[in-house]
Amino acid sequence: MDLSIRKLLLLLLLISLSSIRVAEASIHVYNLETFEEIGNSYLLSGGSEGIVSSSSNSGESVGSGIHNGLSFIRFENITFWRSKKAADQHTAMEHSTGLIQAFFFEAADRDTIGGSAYGGQRSICCTPDLAKLEGCRQGELIRRPSATDPRWPIVLSTQFSGNDLSAKMDSTEIRITNTGMYNLFFVSCDPNLKGLIMSGKTLWKNPEGYLPGRMAPLMKFYVFMLLAYTILSVIWFAQYSRFWRDMLQIQHCITLVIALGLFEMTLWYFEYANFNKTGMRPVGITTWVVTIGALRKTVSRLLILCVSMGYGVVRPTLGGLTIKVLLIGVTYFVASELLDITENVGTINDISGKARLMLVLPDAFLDSFLILWIFTSLSKTLEQLQAKRSYVKLDTYRKFANALGISVVASAAWIGYEVYFKVTDLYSERWQSAWIITAFWDILALLLLCVICYLWAPSQNSHRYAYSEEVREDLDDEEAQSLTRGAPEGDLSLVKQEINHNTDVFGLDDDEEEDKRE
C-alpha cells in the first residue's frame, strides 16, 4: 500500500509539473528555465498536450503548411548550461562529462518510466539496486518498452563535452502515429549538474495546425456560437429598429449584452484561429479577448440582478441600491478578469496552484452571493406584483423565475460533474471531451439570454413592462379593493369600464386576460 501511494504521488508530481505549460502555446519556448530537484533526479517539464495521430503516414518530410495532416513534436535550438563549478571538474580532453535525457511518452505508458527497489521510494534515475533488479544503467533514466509499441517511450540523450559550459541538443522531429495525451520531460541524473539551465523551443503540431488537441474543438464550437449570436442579434436588432421609440432601459441593457456576446465570440474564434496558425498566443490579443469576456459576464449578471429587483417595472430607479450594484459589478469584473487572464494568458507559468486557487475562490464566492441576491430580490418583486394584481407583469416574472431556477439547478449539477470529471481523470486521458466543460457555460449563458430576449422583446406594447406612476398604482389598488369587497353592481360596472379604458393601450389580448381574472 505504501508503494502504491508513493508511486501515485510521483506520477501526480510529474503530471502537475507538465500541466504548468499547457496554456503557454503549442510552440513551447524555454527561456533559461532551471531544472528542479525531484527525488534522485533534476527535472524540467517540457509540456503536456493531447495530440491526434497523423492522417498521413507518408515518409515525406514535413512541409511548411500547417494543414498537411501530420502530427509531430520538433526540438529546435535546445541548449543546456551548467555551472562553471561543474564544468571545472573536467578537462578539455574528456569526451562525455554530463548526460541530459529528454523522454517523451504517452499518458497510458506512464508506468514505463521509473522504478522502485525492494518496495522503497519510486525513482526516475537508475540506482545501484535498481541496476541489479531492472537491468538499467546507473546514472541514466529508467525506461521500459511500451506494451503497444516497443519504441516508446522515446528517450533522446545529449552529452556535455570536456569542460564546456553548454551542450546543444540535436534538432529532432518525432512523428505521432497514435492519438493520446503526450508528456515531455528533460532529466539529468548527474548530481554534479545541479542548477542546470535550458533554453530553446519545441513545436507541437496536430494534423490541422498548432492548436492543442484539448482546445481544437473549441475553435469549431465558437463558429457555432458566433452563428447563434448572429441570428439572435439580427432578430433582436430588427425589433429594436422598429420600436426604438418605445424601448425601455432594461431592453437597452439586453442590447448591450447581445453586442458584447457577439463581439466576444468573434474575438475568441479569431484568437483560436491565430493560435492554430502560428502556435503562439500573443499576450496583448489574449488579454483583450478575456477582458471583453469578463465584461460580458459582468454586465449579464448585473442585468439579471436589475431585472430581479424590478428595475423599470416596480421601481423607476434602483435608488440607494445603485452604488451597491455598481460596487458588486466592479468587484466581479476584477475577479473574473484576473481568473480568465490566469487561465488563458501565457503568464500562468509563474503562478502556483495556491495562487490560482486564490483567484478561483473570490470568483466562486461572488457568483454565489449574486445568486442569493438575485433570488431574494426576485421573490420581493413577485410579491409586489401579486399585491398590485399586475397579472401581465407577474406572468412574465414567473416565467423568468422558472428559467432562472432551471439554470441554477443545471449549473449546480454541471459543477458536480466537472469535479467528478477532474477527480477521475488525473492524467487528462479524457482530454478529447474536456472542451465540453468550457462550452457548457457559454451555451447556458446564451440560452438564458434568449429567454430574457423573448420575455422582454421590443414591441409596440413594451410599456406594459414599464413602471407605472404612483397615482395609477394607487388607483389600481383602490379598484382591486372595490372588487374584493363586493361593491354594488353599478359601481362594479364603472370599475370594469375604467379598467378596460386603462388597458386599451395593451391590446385586445390583455383586455381578455384581465377580464378572465376579474
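Backbone N, Cα and C atoms are what each Cβ position is placed from, and that goes for glycine too.
Feature annotation from TrEMBL assigns compositional bias 'Acidic residues' to 507-518.
Residues or ranges marked as domain 'GOST seven transmembrane' in TrEMBL: 217-462.
Residues or ranges marked as region 'Disordered' by TrEMBL: 499-518.
Taken from TrEMBL, the feature signal peptide covers 1-25.
The transmembrane segment annotation in TrEMBL covers 221-238 (among others).
Residues annotated as transmembrane segment in TrEMBL: 250-270 (among others). Counting residues 6+ beyond its ends, the transmembrane segment (250-270) has Cβ neighbours under 8 Å at 218-219, 222-223, 225-226, 229-230, 232-233, 236-237, 240, 288-289, 292-293, 295-296, 299-300, 302-303, 306-307, 311-313, 445-446, 449, 452-453, 456, 458, 462, 465 in the same chain.
Under the heading transmembrane segment, TrEMBL lists 321-339 (among others).
TrEMBL lists 359-379 (among others) with the feature transmembrane segment.
Long-range neighbours of the transmembrane segment (400-421) within the same chain, counting only residues 6 or more positions beyond its ends whose Cβ lies under 8 Å from a Cβ of the stretch, are 304, 307-308, 371, 374-375, 378, 382, 430, 434, 437, 440-441, 444, 447-448, 451-452, 455. Look at TrEMBL and you will find 400-421 (among others) tagged as transmembrane segment.
Long-range contacts of the transmembrane segment (433-457) within the same chain, counting only residues at least 6 positions beyond its ends with a Cβ under 8 Å from a Cβ of the stretch, are 214-215, 217-218, 221, 225, 228-229, 232, 235-236, 239, 248, 250-251, 254, 257-258, 261, 297, 300, 303-304, 307, 396, 399-400, 403-404, 407, 410-411, 414, 418, 421, 425, 465. Taken from TrEMBL, the feature transmembrane segment covers 433-457 (among others).
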